[in-house]
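According to TrEMBL, the protein has these features:
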- 1-67: domain '2Fe-2S ferredoxin-type' (DOMAIN)
- Cys19, Cys24, Cys27, Cys49: [2Fe-2S] cluster 1 binding site (BINDING)
- Cys89, Cys92, Cys124, Cys126: [2Fe-2S] cluster 2 binding site (BINDING)
- 156-352: domain 'FAD-binding PCMH-type' (DOMAIN)
- Asp298, Arg360: FAD binding site (BINDING)
- Gln698, Phe729, Arg843, Ala1010: Mo-molybdopterin binding site (BINDING)
- Phe845: substrate binding site (BINDING)
- Glu1182: active site, proton acceptor (ACT_SITE)
Amino acid sequence: MLLSFLRKNLRLTGTKYGCGGGGCGACTVMVSRYDPQTKNINHWSVNACLLPVCQLHGAAVTTVEGIGSTKTKLHPVQERIAKAHGSQCGFCTPGMVMSMYTLLRNNPQPTMEDVTEGLAGNLCRCTGYRPIVDGYRTFCEVNSSRPELFSKGDLLPLDPTQDLIFPPELMRLAEVKDQTTQRFCGERMTWISPGSLNELLHHCDIYPIGIFHPVIISPTQVPELFKVTQKPEGVCVGAGCSMSFLKSVLERSINDFPPESTHMFRTLLQQIKLVGGQQIRNVATLGGNIASAYPNSDLTPILAAGRCTLVALSKDGRRRVPIDKDFFLGFAKTVLKPDEIVLSVFIPASRPNEIVHAFRHAPRKESALATVNAGMRVWFNENSNVVKEISIYYGGVGATILSAERACQQIVGRPWEEATLSDVYSTLVDEIKLGPSAPGGKVDFRRSLTLSLFFKFNLLDVTQVDIPQKMQSAIQPLPKHIQPGYQEFQNVLEGQSAQDPVGRPMMHRTALSQATGEAVYCDDLPQTDGELFLVIVTSSRPHAKITHIDFSEALKLPGVVDVITAKDIPGKRFRTFTGYDEELLAEDEVTCVGQMVCAVVAESKAHAKRGAAAVKISYEDLQDRIFTVEEAIEKESFFLPRRQIERGDVEKGLREAEQVYEGEIRIGGQEHFYLETQSFLVIPIGEEKEMKVYLSTQHPAFTQEAVAETLGIPSNRVSCHVKRLGGAFGGKVTKTAILASITAVAASKTGRPVRCVLERGEDMLITGGRHPVWGKYKVGFMKDGRITAADFQYYANAGNVVDESVLVAEKILLHLDNAYNIPNLRGRSAACKTNLPSNTAFRGFGVPQCMLVVESMIDDVALKLGRLPEEIREINMYKEVSLTHYKMEFDPENLVRCWNECMKKADFRQRRQAIDIFNQQNQFKKRGIAIVPIKYGIGFAEAFLNQAAALVHIYKDGSVLVSHGGTEMGQGIHTKVQQVASRELNIPTSLIHISETSTQCVPNTCPSAASFGTDANGMAVKDACQILYNRLEPIRKKNPKGTWQNWVKVLSVFRGHDLDMDWEKQEGKPYAYFTYAVGCSEVELDCLTGEYRTLRTDIVVDIGRSINPSIDIGQIEGAFMQGLGLYTMEELKFSPSGVLYTRGPSQYKIPSFCDVPLKFNVYLLAGSSNPHAIYSSKGIGEPTVFLGSSVFFAIKDAVTAARKDAGLTGPFQLNSPATPERACLACATHFTQMVAQSESTSGPAQPWALNI
């Protein structure tokens, strides 16, 4: 593939590996070709991970390195994303840059719609997207008068004349019509690109489809496959045309044909815009979409409904085949013969009185495969509402697209009226059946969508009757225009030196390098001499004894060097976490699918993968498998200790309450989905057992210790080096140390450098994520809304090994009160041991799960009392100096200020009234609004984890090198530390450099986690700089007008706060201080499909005095979007046998550009300070994850309005994430009730996925 060729052969490492499936956009490059017919040069953004190099004959490829660099000249696209603070960890940035660059090459004056469409195929896990949008908005509009986090006045202008020219030799090559068949032979595969149609048919005859051949036939040179012919009857399009080209053909046809004939063209155009991202549409072909026969295809239902046909061609001749129910035989099967190709597709123009529409619903609004889609066409008798002909096709409800024939028969010959349609709904319910084990699950939801989509078809312009105002919302699209947001922060103190950068919105120190692809990540390090590649072999059973590992066949394969098993480990074969041992490689027994068993080491990644596939592991299955927390509770399968905390007398509080309510909520797990997968390079030095470990980790010292113990050598022989991480979020600590240790064993055994970079699917399978939690509560309250007592029980699904689960369960209990002063409060938590991959730390460390349960309780109290949730929150909030339930004193003044500020800034009360009016006037669209607070403890409850160290060198030329224990993973710690050193040494930041985090420079460091990295490491750097500065005092006094020309080095240790928690006494001071925040979100919900849009979000955060407002606001927005994903869309799915289904971006959806609140405002609380941290700042990385729940509760508020219309009131359970499926079913529309009341679905009782 092009990606590996660029990175390994050409050493152009700016193009990144993110997923390998075209789903994240990290590998985006621009491909350009010259068209000799039109004399135009065409530019396309493409995914390098999906594009074979052999297909690029005659094309020019432009990577991020080719458009600009910090060494020569930046391109405006690179400069603007950096200066707008749109690059945090930076791993996704080159892909963003190339998508935008390609757009500007094709359209130098884009609209905002062009920008968001062009970036829809790119994912970012750090920024929350807002700064990227703001940076690239500058290409669309003039400067605004709003306060900005970056200055637009000094941006480089876009000058298309300065862009790279297309190579003239490729233009000459394109002008010469070379019809020669191209052939490329690899180690195991041959690539053939026929030069003519006859040659193509000849090769298809030799290598028919459906039988494996070590041959790939690429027809890109065959002109007949790209021919477009326009006739009065319609348009004939070559099957080789890309989706992007088909889009332009349809746009042209809409202009050329009479309006009444363009219904089919418009509908198909609407669907094409939703096929993948721009990069996918630029390479995916019309013929490939049809021939692949995928049941969720967005095109085939509309092609089938719209009377389209195709021409199939072989050596035996051609035939015209209708694209209909008879064309698709089953999953990925069609009537095409093995030697046939699809030559062209005919798309007919619409006839008079013929109406065509397409619909789709997907788990994410853009760049996602449809859950259910539909193509519908009706043809009326002239001047009549009697149906002459109708076609209804659904995708996503079977092994192939489904024709609703019985429903169509109900309609033909009858007038289009309510009685007819009523029969159709009943018929559809009976006709479309899905068993509980149907692939993809969501059975009731998918069936209800078939009814809802037909209802929308009826309401569009099919019926001639005026639609009642209340029903019009069913066919009105959700809003989607992203408006400029507002960011408010404190100005620096009056009198602060202009050179002092603290408190100013300073760009991430390596943002420009990240935007040019020059920033080096672990896998970007050059290959070393003799380097090997390691691939992990994992268990395929959830609970079994290992009876034999046979790797004899693997060792026979070319390139395979060795296989590493537990027996090869010279030192400790396990790591110990909170008293439990975790094997590095399973030896006798496996306890989950995905547990690491052995590793194959080979000359290349391809050889290692083939070797891993050849390893045969024999098992003896064990029957006592546990997957859910219910099964763990039943079998008392827990990791100890189980914790409990209580204040007051809960039983008495419940007895004295005027009302008591019991409820529960389930919160699903979450994948970290850092863009850079786990990466390692271990180099044996060859002397005294020394090892250099280059890796992507949050905790280098922990990995150093693990590698040393695994190899049985002292820690001083192991040095760990971390330049930067492409995201982490808690997922690069424990499993990272284990993976590094296995890689080190391979390097030690072979005596050669070993690299290990997990593929996305491997990473998701092995490393675990956020804990799914089942929360139950019993609450007592008074009629005035005061909560007198609350009793909580939390069960976290820990997985097969303990990891950090016991600590997560403890932190859950420490945040039990959130922002509420509940006099009688009790919490119990348990980490459940199951046979799923172990879960681990994740941004928030249990708090996002804990607080969702607390806020759900508040919501239920409001629903029981018939009051608004914000009223109950305000009544019960801490308002004066108080003690937490673990007896730590704090002042909630800033919490109350954040609440009041957010209510005011969000214009909450007026919007609440406007929403009530909107909901009364609209039946099928509902709006909801919610405001939630958070009180988040900053620091580690274990005192030793709060310390930090720093090493500062001043060289003879005045330059300064700072080393500290924190790792840069996008949170901007190096930038803030640079600002600290600049202030303390009174020198410009340009003189200060931070190279890497290394255990050689700073030993015994603590993890970069718990939002405490800047607090600890910043103080260590401050102390070191002050020592140096004081040493220079005599020299400065002797020469007060002198320059910065002295040198020395100092290691400083910041001891940290003395924090602790005594669980026996149920008291302590586990946190240094609290960060307070309040978030308010408004959504609009389509009750028929469950799809929603976040219309606006306002966040007010108390972070003391910000060291760097641009970085802090970026952290707030990024955490919020990660929380939005957690609470509304991200779902991990496991099979009934414990196999993870969701192993990449095609199955697991994180938020994209289309999910950003349309108006996103962030306000940093003014007039705040914090005596407990550096420069009165506060930790901010984790707290605002929970504010994503404001969207969850806004959805619940909208669902409440819909349920009211259905005659349902009072509390109801809405589990997290509030996906469209859950929201739609909770709305209890007429159609969901029809499905619920229909006969039970056929098929076996076992569901497709576990309810984790």
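Placed from the backbone N, Cα and C atoms, the Cβ positions cover glycine too.
Any TrEMBL annotation is an automated prediction that lacks curation.
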Task: Counts by DSSP class (helix H/G/I, strand E/B, coil) across the domain '2Fe-2S ferredoxin-type' (1-67) - done: 16 helix, 19 strand, 32 coil
Task: Candidate binding-site residues Cys24, Cys49, Asp298, Ala1010, pick with smallest Cα gap to Cys124 ([2Fe-2S] cluster 2 binding site) - done: Cys24
- [ ] Sorry to bug you, but what's the C-alpha spacing from Cys89 ([2Fe-2S] cluster 2 binding site) to Ala1010 (Mo-molybdopterin binding site), rounded to the closest Å?
- [x] 17
Task: Candidate nearest Gln698 (Mo-molybdopterin binding site) in space, where candidates are the binding-site residues Cys19, Cys49, Cys126, Asp298 and distance is Cα-Cα - done: Cys126
Task: Among Gln698, Phe729, Arg843, Ala1010, the record's Mo-molybdopterin binders - longest CA distance, Å - done: 12
TODO: Between Cys19 ([2Fe-2S] cluster 1 binding site) and Cys92 ([2Fe-2S] cluster 2 binding site), find the distance joining the two CA atoms and give it rounded to the nearest Å.
DONE: 11
- [ ] Among Cys89, Cys126, Glu1182, these being the recorded positions, pick the one whose CA is nearest to that of Asp298 (FAD binding site).
- [x] Cys126
TODO: Report the residues of the chain - excluding Cys89, Cys92, Cys124, Cys126 - with C-beta within 8 Å of the mean position of the site's C-beta atoms, for the recorded [2Fe-2S] cluster 2 site, in sequence order.
DONE: Ser87, Gln88, Gly90, Phe91, Thr93, Arg125, Thr127, Leu675, Gly726, Gly727, Gly970, Gly1118
- [ ] In whole Å, note down how far the CA of Phe729 (Mo-molybdopterin binding site) lies from the CA of Cys24 ([2Fe-2S] cluster 1 binding site).
- [x] 18
Open item on the list: Just to be sure I understand the packing, how many Cβ atoms besides its own are within 10 Å of the Cβ of Cys89 ([2Fe-2S] cluster 2 binding site)?
Closed with: 29
Open item on the list: I need the neighbours of the Mo-molybdopterin site defined by Gln698, Phe729, Arg843, Ala1010. Which other residues of that chain put their C-beta within 8 angstroms of the C-beta centroid, in sequence order?
Closed with: Ala728, Gly730, Gly731, Ala841, Phe842, Phe845, Ser1008, Ala1009, Gly1181, Glu1182
- [ ] Could you measure between Cys89 ([2Fe-2S] cluster 2 binding site) and Cys27 ([2Fe-2S] cluster 1 binding site) for me? Cα positions, answer in whole angstrom.
- [x] 16
Open item on the list: I'm checking region-level scores; what's the whole-number mean pLDDT for the domain 'FAD-binding PCMH-type' (156-352)?
Closed with: 92
TODO: Indicate the candidate from Cys124, Ala1010 with the smallest number of other Cβ atoms within 10 Å of its Cβ, considering only these binding-site residues.
DONE: Ala1010
TODO: Consider the binding-site residues Cys92, Cys126, Arg360 and say which one has the Cα lying nearest the Cα of Phe845 (substrate binding site).
DONE: Cys126
TODO: Would you count the other C-beta atoms found within 10 angstroms of the C-beta of Cys126 ([2Fe-2S] cluster 2 binding site) for me?
DONE: 28
Task: Other CB atoms within 10 A, centred on Cys24 ([2Fe-2S] cluster 1 binding site) - done: 31
Task: recorded positions near Cys126 ([2Fe-2S] cluster 2 binding site) (Cα-Cα within 10 Å), from Cys27, Cys49, Phe729, Glu1182 - done: Phe729
TODO: Can you tell me which binding-site residues out of Cys27, Cys49, Phe729, Arg843 are within 10 A of Glu1182 (active site, proton acceptor) by Cα, answering none if there aren't any?
DONE: Phe729, Arg843
- [ ] Could you round the CA separation between Phe729 (Mo-molybdopterin binding site) and Cys92 ([2Fe-2S] cluster 2 binding site) to a whole angstrom and send it over?
- [x] 15
